[in-house]
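Let me begin by presenting the structure, written as structure tokens, before commenting on it.
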Amino acid sequence: MRLLKVATCNLNQWAMDFESNMKNIKASIAEAKAAGAVIRLGPELEVTGYGCEDHFLELDTVTHAWECLKELLLGDWTDDILCSIGMPVIKGAERYNCQVLCMNRRIIMIRPKMWLANDGNYRELRWFTAWKQREELEEFQLPIEISEALEQKSVPFGYGYIQFIDTAVAAEVCEELFSPLPPHAELALNGVEVFMNASGSHHQLRKLDIRLNAFMGATHARGGVYMYSNQQGCDGSRLYYDGCACIVVNGNVVAQGSQFSLRDVEVIISQVDLDAVASLRGSISSFQEQASCKVKVSSVAVPCRLTQSFNLKMTLSSPKKIIYHSPQEEIAFGPACWMWDYLRRSGASGFLLPLSGGADSSSVAAIVGCMCQLVVKEIAKGDEQVKADANRIGNYANGQFPTDSKEFAKRIFYTVFMGSENSSEETKRRSKQLADEIGAWHLDVCIDGVVSAVLSLFQTVTGKRPRYKVDGGSNAENLGLQNIQARMRMVLAFMLASLLPWVHSKPGFYLVLGSSNVDEGLRGYLTKYDCSSADINPIGSISKMDLRLFLKWAATNLGYPSLAEIEAAPPTAELEPIRSDYSQLDEVDMGMTYEELSVYGRMRKIFRCGPVSMFKNLCYKWGTKLSPAEVAEKVKYFFKYYSINRHKMTVLTPSYHAESYSPEDNRFDLRQFLYNSKWPYQFKKIDEIVDSLNGDSVAFPEEEANSNKEIGVVAANSGDPSAGL
């Protein structure tokens with residue numbers, strides 16, 4: 001047997017905070033060494049933090065990374081352990097995203113990333129160059145300060161692996177695993193048995209299985225030990241890096257770290273037998289044949305042994321059941337951990353939420369409640385960093401600290417019901433009930449006086465006073481009156497957030513939380529600069545459909561039973577007067593359902609459908625219930641209002657990224673914000689197709705016509721009804 005103990009980790013790094021990042025790196029190495037591990041893998045760009053963005057273009061960022069690495073190598077941190085450290089490196093005129101492989105106070109080699117992530121939220125090609133020289137390793141001259149301190153002038157640089165006496169180890173960096181021809185396939189044929197994947201991978205609902213399947217698939221047919229490390233937490237932007245460090249052996253997960261956690265450092269250890277890798281490879285004929293004619297990959301020889309022989313005191317790690325969270329748990333824990341990092345790192349003393357008693361703001365309140373529960377649980381487990389942060393934020397003194405989530409919420413969470421003459425007693429009651437269940441400090445504010453003052457000023461200036469639609473007013477008057485209420489709520493929210501701590505003799509300031517969902521952003525069903533305008537928004541990238549399922553789950557699992565009643569209530573903005581024959585409803589106002597909006601959103605973003613492609617595909621999805629002409633009207637109606645309201649996305653509050661069809665304007669969904677909302681060419685093409693059908697409908701087999709399967713598209717213009725979403 002060749003027994004090998006390896007360690008990987010989740011680290012809660014913060015972009016550009018070299019001091020705290022180094023503290024976490026050192027803690028993870030110390031824990032790995034204490035457990036007897038001889039390999040330690042850290043996350044991608046762990047020294048600087050993955051999310052530095054344009055700070056990567058600054059020479060200071062690279063210089064400081066080298067200074068931090070020098071500090072590690074001058075100490076005993078790398079003694080008797082191979083450490084993979086992620087940091088940017090400049091070679092010549094190019095900047096590379098690198099894993100620096102160190103051992104015994106020396107740099108063994110530097111492995112630059114070859115395939116960069118450049119889609120979705122990723123933009124690595126803006127800051128880094130992909131390494132394309134695969135033939136052989138080059139010599140890299142270390143910076144003068146580093147070479148003098150380490151007494152090491154140069155190191156191998158490029159694509160290759162480390163050949164120890166008893167095994168071979170190589171790095172594979174994040175996106176490379178998901179490329180069409182991943183490096184681990186070629187490296188395995190060259191005899192590499194241990195793969196180290198340093199990653200900066202962010203959370204997205206229902207995404208984890210894709211990642212884990214890739215790890216397992218990498219070693220299922222080729223054999224090997226696959227180590228994965230990731231950041232965990234908010235490192236300064238809309239993304240939450242969701243950890244889940246893991247170790248996979250021959251396709252089986254033998255260790256898995258948490259996906260959501262408040263901890264700064266989490267190290268997982270595994271004891272593996274490399275002979276099991278050799279045995280599997282020797283049993284696969286095709287592997288043997290391909291290995292015999294492999295393309296040779298360069299290596300660096302290290303005269304050192306990593307493994308131990310048969311030893312009954314060393315227990316092998318066994319395959320474990322993979323832990324997956326439900327989407328409802330992901331909505332609870334991901335944004336809760338993200339908000340905790342934002343709160344403790346911003347210097348704020350708490351949150352303020354305009355709580356209307358509706359589904360969206362109640363979801364945000366529940367997530368804050370979940371955050372408070374997680375804080376108390378982590379303190380009970382003995383996490384001193386969480387305890388110190390909670391004591392500062394909650395203004396605890398005399399040895400006290402949070403032991404009850406409701407008591408902690410009372411210290412850090414204000415909720416405000418900003419009612420008007422258009423608000424119902426039901427939403428007012430539900431708002432107060434939920435706040436009490438969470439433990440928030442709740443206020444009930446009537447905004448009628450403020451709205452009336454604004455209207456009086458308008459009447460003084462113009463000589464006219466607008467009326468609601470139900471009172472005979474025009475659409476322009478009706479919309480203007482609704483927007484006044486919404487915008488006054490934003491002004492009051494920020495005023496209360498800045499002054500309530502002063503009123504209650506508390507230090508600091510409060511962050512205002514927004515509560516618009518992804519579907520409302522897509523449709524533009526929100527007032528520009530209303531309560532959707534806040535400091536941060538934990539649900540801005542989550543669909544209404546998912547939020548309603550979350551509310552049902554949270555009513556029981558978070559202990560907030562009023563959420564069940566809130567979920568069952570029809571969504572309403574309560575910005576128009578309630579009459580016996582009229583009550584404002586969101587879906588009526590929008591002219592489409594939230595379920596339809598989810599479909600439009602997925603087709604527009606995930607499957608890259610323009611108006612014509614969306615129409616064609618929806619003819620298949622909705623063909624049993626709607627005629628092509630009816631589908632055409634729905635598609636045109638959506639694109640009309642999407643384009644009219646697109647400008648609102650440019651100023652929307654920074655939101656937690658959770659959904660693959662988010663219309664978030666900062667990076668994920670880059671589009672113009674001035675459209676011809678009539679879409680004359682595209683809508684004309686749709687009309688021509690409808691006319692050419694002569695009233696025909698889509699022909700479905702009987703079993704498909706009666707089924708309720710998902711949308712039948714794989715890409716724009718696919719037109720394939722058998723392809724499921």
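Backbone N, Cα and C atoms are what each Cβ position is placed from, and that goes for glycine too.
What Swiss-Prot annotates here:
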ACT_SITE  GLU44  active site, proton acceptor
ACT_SITE  LYS113  active site, for glutaminase activity
ACT_SITE  CYS174  active site, nucleophile
ACT_SITE  SER356  active site
BINDING   PRO354, LEU355, SER356, GLY357, GLY358, ALA359, ASP360, SER361  ATP binding site
DOMAIN    4-274  domain 'CN hydrolase'
REGION    324-709  region 'Ligase'
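A map of Swiss-Prot features onto the structure.
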residue : record                                : Cβ neighbours (10 Å)
GLU44   : active site, proton acceptor          : 27
LYS113  : active site, for glutaminase activity : 25
CYS174  : active site, nucleophile              : 26
PRO354  : ATP binding site                      : 26
LEU355  : ATP binding site                      : 28
SER356  : active site                           : 26
GLY357  : ATP binding site                      : 26
GLY358  : ATP binding site                      : 20
ALA359  : ATP binding site                      : 24
ASP360  : ATP binding site                      : 25
Could you round the CA separation between ASP360 (ATP binding site) and GLU44 (active site, proton acceptor) to a whole angstrom and send it over? 35
DSSP three-state assignment (helix, strand or coil) for PRO354 (ATP binding site): strand
Show me the subset of PRO354, ALA359, SER361 whose Cα is within 10 Å of GLU44 (active site, proton acceptor); these are the binding-site residues I mean. none
Using the Cβ center of PRO354, LEU355, SER356, GLY357, GLY358, ALA359, ASP360, SER361 as the ATP site position, which other residues in that chain lie within 8 Å, going by their Cβ? SER362, VAL364, ALA365, THR427, SER431, SER515
Proximal residue to the residue listed as 'active site, for glutaminase activity' among recorded positions LEU355, SER356, ALA359 (C-alpha distance): ALA359
DSSP, reduced to three states, assigns the residue listed as 'active site, for glutaminase activity' to coil
What's the CA-CA gap between SER361 (ATP binding site) and the residue listed as 'active site, nucleophile' in angstrom, rounded? 36
Overall pLDDT of the domain 'CN hydrolase' (4-274), taken as the mean: 97
Can you tell me how far the Cα of PRO354 (ATP binding site) sits from the Cα of CYS174 (active site, nucleophile), in Å? 40
Round to a whole number and give the Cα-to-Cα distance in Å for the pair CYS174 (active site, nucleophile) and the residue listed as 'active site'. 42
